Amino acid sequence: MLSLVQKIIGSRNERFIKKVSRIVQKINSLEPEFEKLSDEQLKAKTFEYRERLANGEILDNLLPEAFATVREAGKRTKNMRHYDVQLIGGIVLHQGKVAEMKTGEGKTLVATLPAYLNALTGDGVHVITVNDYLAKRDAELMSDIYEFLGMSVGVIVADLNPQQRKEAYACDITYGTNNEFGFDYLRDNMAYEKEQQVQRSRNYVIIDEVDSILIDEARTPLIISGASDDSSEMYNLFNRLVPYLEKQEKEEVENEQEQRDFYVDEKSKNAYLTEKGYAKIENMLKKEGILEEDDNLYSPHNITKMHYLNACLRAHSLYQLNIDYIVRDQEIVIIDESTGRAMPGRRWSDGLHQAIEAKEGVKINAENQTMASITFQNFFKLYNKIAGMTGTADTEAFELHSIYGLEVIIIPTNKPMIRKDHHDEIYGSVREKFDAIVEDIKERISKGQPVLVGTASIEASEVLSTLLKKKKIRHNVLNAKQHEKEASIIAMAGYPDNVTIATNMAGRGTDIILGGNLEVEIAQLEDPTPEDIAQIKAEWLKRNEAVKKAGGLCIIGSERHDSRRIDNQLRGRAARQGDPGESKFYLSMDDNLLRIFASQSMAERVKKGLKGGESLAFGFMSKVISKAQGKVESYHFDIRKNLLEYDNVVNTQRKVIYEQRQSLLEAEDVSDILADIRIDVAEQLFHDYVSAGSMHELWDLEGLEKALKSDFMIELDLQKLYEEDDSLGEEDLKRLVREAIEIEFVEKTKNLDSGAVRQFEKFSLLQSLDTHWREHLSSIDHLRNSINLRGYAQKDPKNEYKKEAFELFSTMLDNFKYEVISSLAKIRIATEEETQRAQQEWQESMSDIKAEHESVIDNNQRHDEDEQEEAPKVQQVRREGPKVKRNDPCPCGSGKKYKQCHGKVE
């Protein structure tokens with residue numbers, strides 16, 4: 001019934017395309033008029049549009065003229081004319097949607113249309129790409145168009161200094177990577193002077209490869225951190241012990257004889273010790289002198305040992321060299337599971353990276369303390385408008401809409417797509433599969449057809465390369481080890497009978513042109529004459545025609561990825577802009593996807609039915625594979641959704657802190673802010689000793705006097721005052737405390753230079769807020785690591801997390817206020833020069849901070865209900881009894897006051 005309705009009225013996507021086609025017609029009708037304009041007249045359009053905006057006109061009304069202006073500028077500066085489908089893509093992006101445009105349809109050129117239009121407001125436009133190379137390339141390619149129209153263009157890459165970054169952000173249009181934009185946001189919220197901040201408003205963002213950034217990288221928070229204690233000895237110890245543990249093939253075993261020391265869950269990338277394993281590792285630790293004879297790993301004081309053990313167990317059983325990571329320059333470099341790219345600078349969390357460093361015998365870097373963090377999900381929500389482009393978003397349309405509110409629109413291709421997609425072939429073993437791939441390659445190159453083979457890992461690419469060498473088939477390999485050669489390898493991938501092996505092609509960002517890349521060939525010539533260029537073009541045309549006759553580029557997939565989208569990205573490298581092309585996937589029942597997610601009974605039936613070298617290739621298996629991929633996609637979506645729900649709790653708190661911090665940073669005088677804080681602190685302190693509405697016999701005036709003296713250097717004999725005038729009530733005493741604190745501050749500062757005082761107060765507030773926020777992030781992280789244990793007490797971990805995170809936050813704010821007033825009361829107010837020196841020393845102490853795009857491929861499972869969690873490393877705010885006041889005995893039993901024990905903020 002639904003298909004019948006769609007045939008009559010068209011799908012939502014078709015109706016949308018039809019609607020915006022009317023705007024395209026209007027843009028096209030303006031083309032003859034704009035062609036007649038002189039360069040100066042065309043350039044003047046930018047000023048005209050800005051004037052009209054200032055007079056109240058809206059961007060939507062300017063769109064047809066602005067797009068016609070950009071199209072004409074493209075023709076004059078780049079000899080490139082925006083096709084109608086590119087205009088549709090530009091409209092989709094301007095409207096804050098995701099444009100799905102196939103490979104080779106010119107997404108880079110499309111971005112110029114909405115970027116120019118939205119930059120007219122003067123609030124800036126950010127264009128996000130997946131790496132520095134593409135950011136530089138796209139900015140350079142399109143800068144002629146922008147600059148012709150009077151728009152400035154900036155690029156944000158990793159090696160820029162703060163001043164260069166500030167200048168780039170001040171441009172009308174700024175290109176850069178998602179990591180750099182996110183880190184600059186975090187660094188700006190750690191600055192101590194307004195002038196140190198580099199970003200301005202987050203107005204409008206266009207994200208290239210939007211599915212890669214908003215989905216694949218949604219689980220990887222950006223983290224700025226500083227080094228904590230060195231624990232390399234413990235990692236080395238457990239790295240030495242773990243190989244003695246034996247792996248159990250499945251979680252449940254039928255008898256004790258089958259029980260081993262640990263088992264793994266490959267879906268969640270976790271490893272678990274059995275009771276036998278616990279006993280074995282405890283005995284080893286006792287022999288090493290790490291555990292006492294009567295001690296055990298379950299003791300609370302051994303929590304950190306469990307942390308090291310779990311990390312090393314996972315490092316040895318689940319993470320493999322050349323598949324999950326490589327060793328480069330004596331460092332562990334993670335390989336992106338989606339793209340096959342090396343990701344220098346990114347580190348796994350929860351000690352996993354240190355465990356792998358110990359495993360591979362490289363230097364173990366200290367674990368880091370988080371100072372600031374944000375996920376891409378919450379960072380991009382800071383923008384007023386988000387838009388995105390990609391070749392493959394339709395399969396993720398539900399997630400993009402449910403999490404980001406982004407609608408996916410499929411843009412028609414400029415020329416019909418004629419790629420031939422063959423049925424998958426399934427073999428019984430990996431070796432048989434690779435042999436079949438080699439035979440297929442031989443057959444295709446014999447007729448001059450270029451072949452691109454996509455592999456899921458470096459190991460697979462090297463195995464295939466070895467087999468091809470044995471057959472004397474020349475080929476290029478592109479993986480995380482050869483990333484420097486990427487551009488030159490891709491430029492040659494379309495040559496006749498050329499064979500290229502590449503780990504997943506997602507995000508490569510370079511088109512494979514049949515016959516080779518003509519522009520690259522011309523660029524490689526030294527001082528070419530017109531005759532040289534003509535000869536190169538003639539040779540290229542011959543090769544281009546030969547490859548087309550041979551069937552175009554052939555894509556061979558060596559296995560299916562977990563995500564259909566990644567498979568589609570690989571396929572999309574063939575048949576660009578109406579060229580011919582083919583694609584085919586080769587699978588084996590030992591491939592990870594089928595081994596982990598397909599049913600065991602079905603796998604056994606298929607293996608039994610296949611004799612050596614035989615394969616299956618029919619529709620039934622495609623359904624099985626699609627179902628397996630659907631399971632994985634659903635699993636990962638749940639993880640990302642869960643991550644967002646947890647991160648939203650911290651995000652709300654982050655917004656509060658960053659808004660308060662920005663107000664402090666921009667304030668010339670913080671004395672009013674401090675006055676309000678002093679009132680709050682006086683109330684807080686008073687009620688710690690005098691409960692509201694209580695009888696005077698229950699008042700602890702002696703304790704209040706001691707607190708005033710020790711924490712604020714104030715001598716106030718409240719008991720004597722009350723004895724002299726017993727009519728003094730609770731409010732009167734509270735007023736006396738408040739006035740005493742206020743008078744102390746006035747007396748301390750009255751003879752000092754007001755400028756120096758204001759500067760010192762501002763610095764103290766910022767420094768204290770940063771310190772407390774950093775410690776709060778650490779507490780939140782420990783809370784989150786352990787919260788799933790509440791499920792055993794029949795409590796909802798998510799609700800418990802929200803409740804306790806709120807209490808932690810409230811306590812942190814109270815402690816921040818108390819500590820900053822107490823500190824200012826105790827110290828001598830510095831001169832302006834001393835304050836500047838203190839600021840400089842503080843900033844120098846922050847110079848070793850690291851900006852890391854932390855990989856949480858290992859970290860998602862903390863929300864898995866079945867996960868074996870660690871207990872928290874810090875005392876949690878789980879208050880089921882009365883609130884512990886600052887001067888009460890600490891509940892830990894130490895005999896100290898709470899404020900001097902577990903309530904102390906260092």
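Each residue, glycine too, has its Cβ placed from N, Cα and C.
The structure displayed is predicted, hence computed values, not measured ones.
Feature annotations, courtesy of Swiss-Prot:
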{"type": "BINDING", "residues": "GLN86, GLY104, GLU105, GLY106, LYS107, THR108, ASP511", "note": "ATP binding site"}
{"type": "BINDING", "residues": "CYS890, CYS892, CYS901, HIS902", "note": "Zn(2+) binding site"}
{"type": "COMPBIAS", "residues": "853-865", "note": "compositional bias 'Basic and acidic residues'"}
{"type": "COMPBIAS", "residues": "877-888", "note": "compositional bias 'Basic and acidic residues'"}
{"type": "COMPBIAS", "residues": "896-906", "note": "compositional bias 'Basic residues'"}
{"type": "REGION", "residues": "853-906", "note": "region 'Disordered'"}
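Here the binding-site residues are GLN86, THR108, and the one whose Cβ sees the fewest other Cβ atoms within 10 Å is THR108. Shown are the binding-site residues GLU105, ASP511; of these, the residue with the fewest other Cβ atoms within 10 Å is ASP511. Taking each of the binding-site residues GLY104, GLY106 in turn and counting other Cβ atoms within 10 Å of its Cβ gives the largest count for GLY104. Other C-beta atoms found within 10 angstroms of the C-beta of LYS107 (ATP binding site) number 23, with every protein chain shown included. Sitting within 8 Å of the Cβ centre of GLN86, GLY104, GLU105, GLY106, LYS107, THR108, ASP511, and not among those site residues for ATP, are the Cβ atoms of MET101, THR103, LEU109, VAL110. According to its DSSP assignment, GLU105 (ATP binding site) is coil.
In this structure, GLN86 (ATP binding site) is part of a helix by DSSP. For the ATP site listed in the record, the two most distant Cα atoms among GLN86, GLY104, GLU105, GLY106, LYS107, THR108, ASP511 lie 17 Å apart.
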